[in-house]
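Shown next, in structure tokens, is the structure this report addresses.
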Amino acid sequence: MKKIRPHRRSAVVLGAAALATVMTGFVAAPGSAAPSGGPEARTAAAPGQAAVAEQQRTVEAAQDARAVARDLGADAAGVYYDKAADAMVVAVSNRAAADKARRAAGGETVVRVVKHSKADLAAVTSDLEQEVATPGSGWAVDTAANQVVVTLDSSVSEADAARIKDVVASYGDAARVEEVSGTFSTRLSGGQAIWTSGGRCSLGFNVRSGSSYYFLTAGHCTNIGSTWYADSAGSTYVGSTAGSSFPGNDYGIVSTPSAGTGNVYLYGGGTRDITGAGNAFVGQSVTRSGSTTGVHSGTVQALNATVNYAEGQVRGLIQTNVCAEGGDSGGSLFSGNTAIGLTSGGNGNCTFGGTTFFQPVTEALGVYGVSVY
């Protein structure tokens, strides 16, 4: 269900208000009313000021925990947030590393010894790349559980499911299988947001390189069109596709004639200023903005996810329990004031819930040599 995020600045003489309504930053044309049942009607409440401050605190705590993990090298098994302990956790593969980590971390970071090293879990995911390519399947590393989680949607046949379960069983407690309803998709749909000839998506984040301005969205969106507009009639030009990567990855970049706004639009009122970009961690509280369903929040469940969409395999994604639907593709995932990801796809919807995957924004920023602002 490729989802696109609108996070465009007031680009192209539309003014901030005109673009801000698109996913994370696009705004609808001045004076235009949201359609009945549109994103404003379907959005959940965005996190309040206290929650935003808490999200930003955990983002900063994660940076400290990652620094400890980097110093441990191969002995580190990952970093995640433990909500019950209200603390970042550095997982390590042996007691000697645990002692070293505790000395470096101080009192605010928890250190835990786990059974499987980061290399062990990486070997499992590498093996799955060779053994499993069934559409409707995917896998990701759940750092908190110290496992690789293999997910099968309802399109996977009983025979394929049985074969995949046999493969997973061979890894012992380093992996587990979860079956979910619905199907993993990257579908597009029509509606208010950023438009191209192939469909509608959502703007992700406005970015820049020197005096050149762009916005990021999903690659499965930039694959389907070269010219983008803020309306379905194609009367308000906002930019032209300058790069696209899908499948494999799921990010694209659109060149714009002027600077946009450095915030994400919060359907139902207000915006969220984005001051930087960061990497996700398991347990992180995150919020998504999109042009179909507005704003919804949830938690990062796993990292380095691989999903076998009908259009091809995408790797290195962030797995969450945040809901999304067609047309939300490309939209922004953020925590506090930090940009985290771009909506890729998933299963379910915002009525019954589901799993949604996001392209890490830091990868796209690095590839294109741009930064949020």
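Count begins at 1; order follows the chain as displayed.
Cβ coordinates are placed from backbone N, Cα and C, and glycine is handled just like the others.
As written in TrEMBL, here are the features:
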type	residues	note
SIGNAL	1-28	signal peptide
DOMAIN	116-169	domain 'Peptidase S1A alpha-lytic prodomain'
DISULFID	Cys201-Cys221	disulfide bond
ACT_SITE	His220	active site, charge relay system
ACT_SITE	Asp250	active site, charge relay system
DISULFID	Cys323-Cys350	disulfide bond
ACT_SITE	Ser329	active site, charge relay system
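Remark: Cys323 (disulfide bond) has Thr293, His296, Gly298, Gly348, Asn349, Cys350, Gly353, Gly354, Thr356 as non-local neighbours, by Cβ distance under 8 Å and separation of at least 6 in sequence. A sphere of 10 angstroms centred on the C-beta of Cys201 (disulfide bond) encloses 40 other C-beta atoms. Mean pLDDT of the predicted structure over the domain 'Peptidase S1A alpha-lytic prodomain' (116-169): 96. Helix, strand and coil counts from DSSP across the domain 'Peptidase S1A alpha-lytic prodomain' (116-169) read 26 helix, 12 strand, 16 coil. A gap of 6 Å separates the Cα atoms of His220 (active site, charge relay system) and Asp250 (active site, charge relay system).
There are 20 other Cβ atoms within 10 Å of the Cβ belonging to Cys350 (disulfide bond). According to DSSP, Ser329 (active site, charge relay system) is assigned to a strand segment.
Ranking the recorded positions His220, Cys221, Asp250, Ser329 by how many other Cβ atoms lie within 10 angstroms of each Cβ puts His220 at the bottom. Spacing of Cys221 (disulfide bond) relative to Ser329 (active site, charge relay system) is 7 Å (Cα to Cα, whole number).
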